[in-house]
Amino acid sequence: MEGKGISQAVIRRLPRYYRYLGELLEDGVERISSNDLSKRMKVTASQIRQDLNNFGGFGQQGYGYNVKYLHSEIGKILGLDREHNMIIIGAGNLGQALANYTAFERSGFMLKGLFDVNPTLAGVTVRGIEIRMMDELKSFIRNNDIEIAILTIPKTKAVAVANMLVENGIRAIWNFAHTDLNLPEHIVVENVHLSESLMRLSYNVLRYEEKHQKKK
Ligand code: NAI
């Protein structure tokens, strides 16, 4: 059941399965066939079967998938059946916006602290969580069993801060700073670039317009 050898493409699709199955659960649906799931998710049924076969299937031929079971198994694969302690480095606009978002906690991502270098932010609280200065970082990571750091600082500072986080035992970085971090292999980095999503949107708007104009 462990995710060894599973392609990153499949891993990238799992959160979407998890979300759809969660919605089905809320709607009281107990079983779903790969065909019905396929219609909802606009993914081919064979893709769904192939993806889920990576983990031993979960489905019984002809009976469809048990929604609750599949949801919980995918949750386990994604590590959502346990808590992950997180800190945010950079308590500016984006850092505070993320800190204010409560839904992460429902999936087990627990925000324990916020850090910044700006002394005017020292002691300010966001959703009850205090903003601390960077000199407290080392002991905070150790004492609070922090696994994930969210980097929302300027890109010029990101590399140095990331190295410091690694030295202090951080396991993973959710990197919003627009720069690549070259960290040891055992450190997991997930880069987020909202602007890339916006560029894809822009591309598709243009393509749609082109197609539409040709038809006129
Ligand atoms: P901001 O200026 O409001 O906040 C940045 C915060 O980082 C400030 O409070 C500053 O004092 C703090 N900071 C600076 N150096 C630091 C250090 N060495 N250690 C700890 N804290 C430090 O900026 P905003 O709008 O929140 O953006 C933050 C970063 O996120 C920027 O690099 C921005 O380009 C990036 N960003 C990325 C997005 C994405 O999709 N990846 C979307 C939006 C912003």
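Every residue gets a Cβ built from N, Cα and C, even glycine.
Those TrEMBL annotations? Automatic predictions, nothing curated.
Per TrEMBL, the feature DNA-binding region maps to 16-55. According to TrEMBL, the NAD(+) binding site annotation covers Gly90, Ala91, Gly92, Asn93, Leu94, Gly95. Among the features that TrEMBL reports, domain 'CoA-binding' is placed at 79-180.
Mapped onto this structure are the features recorded in TrEMBL.
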residue	record	Cβ within 10 Å
Gly90	NAD(+) binding site	24
Ala91	NAD(+) binding site	26
Gly92	NAD(+) binding site	14
Asn93	NAD(+) binding site	9
Leu94	NAD(+) binding site	18
Gly95	NAD(+) binding site	23
Listed in sequence order, residues not in Gly90, Ala91, Gly92, Asn93, Leu94, Gly95 with Cβ within 8 Å of the centre of the NAD(+) site Cβ atoms: Ile88, Gln96, Ala97, Leu98, Asp116, Thr152, Ile153
Counts of helix, strand and coil residues, the DNA-binding region (16-55), according to DSSP: 28 helix, 2 strand, 10 coil
Within the domain 'CoA-binding' (79-180), residues counted as helix, strand or coil by DSSP: 37 helix, 29 strand, 36 coil
